[in-house]
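Beneath this line is the structure, given in structure tokens, with notes to follow.
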Amino acid sequence: MSNHSEILERPETPYDITYRVGVAENKNSKFRRTMEDVHTYVKNFASRLDWGYFAVFDGHAGIQASKWCGKHLHTIIEQNILADETRDVRDVLNDSFLAIDEEINTKLVGNSGCTAAVCVLRWELPDSVSDDSMDLAQHQRKLYTANVGDSRIVLFRNGNSIRLTYDHKASDTLEMQRVEQAGGLIMKSRVNGMLAVTRSLGDKFFDSLVVGSPFTTSVEITSEDKFLILACDGLWDVIDDQDACELIKDITEPNEAAKVLVRYALENGTTDNVTVMVVFL
């Protein structure tokens with residue numbers, strides 16, 4: 001385990017996990033003195049067989065916020081899911097992001113913040129099937145995602161990349177309008193001339209301008225879905241979604257796939273920390 005990761009496993013079961021996870025990271029010491037990225041994954045998430053939690057956090061103004069999210073966000077999400085298992089997980093993710101945003105702003109000193117890209121993968125019964133059905137063939141895998149900022153999640157489906165997140169940047173027209181309506185200014189594609197992202201966890205000195213409310217999605221995972229890429233902008237600054245997927249589509253090991261993407265980012269001029277998580281589905 002690196003100093004900047006939280007890799008957690010629930011008790012092993014006699015059943016196989018249907019997904020495989022690989023992670024690679026690099027401080028990029030040519031341009032960065034510190035590593036502010038954090039990643040987390042949890043097998044058998046919420047003590048449920050074959051559920052998964054996957055997340056990357058890209059810190060700024062210090063590592064405090066990203067480290068706090070790496071240690072605590074999955075616990076908040078788990079508690080909220082188990083408190084009411086009938087709730088839409090997208091609502092759970094939204095509430096959990098807002099809760100940890102408040103925690104960071106009240107419990108941590110300074111103005112540290114982070115972007116976040118989070119996935120919850122779980123088995124569900126379709127609405128048309130009784131909740132007490134024991135027929136495993138009737139269960140389906142559902143993926144729920146949430147993000148703030150410009151960390152991104154991409155699904156590779158049937159040869160095509162599908163972006164499951166939204167880049168909350170000050171250069172985005174909708175986000176620019178929201179910030180200005182809240183009383184902020186966009187200068188040189190930055191909030192008040194300082195911060196490039198318009199949504200994050202933490203950043204308490206920006207108050208209502210930079211918010212923790214995430215973009216959320218849900219999608220059924222089928223046999224057409226090959227893998228997920230979760231990565232900070234250190235990767236996406238130098239490669240687009242489809243090219244990233246094409247680069248690793250023939251690789252059979254997720255750790256190797258993640259390493260290939262990190263290596264590509266470093267060789268193609270990224271100036272940021274780089275963290276990549278690849279989940280084979």
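Each residue, glycine too, has its Cβ placed from N, Cα and C.
Among the candidates Asp16, Asp50, Asp58, the residue that Swiss-Prot annotates alongside Asp233, Asp272 as binding Mn(2+) 2 is Asp58.
Calculated from their C-alpha atoms, the gap between Gly59 (Mn(2+) 1 binding site) and Asp272 (Mn(2+) 2 binding site) amounts to 11 Å.
Less than 8 angstroms from the CB of Asp233 (Mn(2+) 2 binding site) sit Asp58, Thr115, Asp150, Ser151, Arg152, Asp272, each of them six or more residues away in the same chain.
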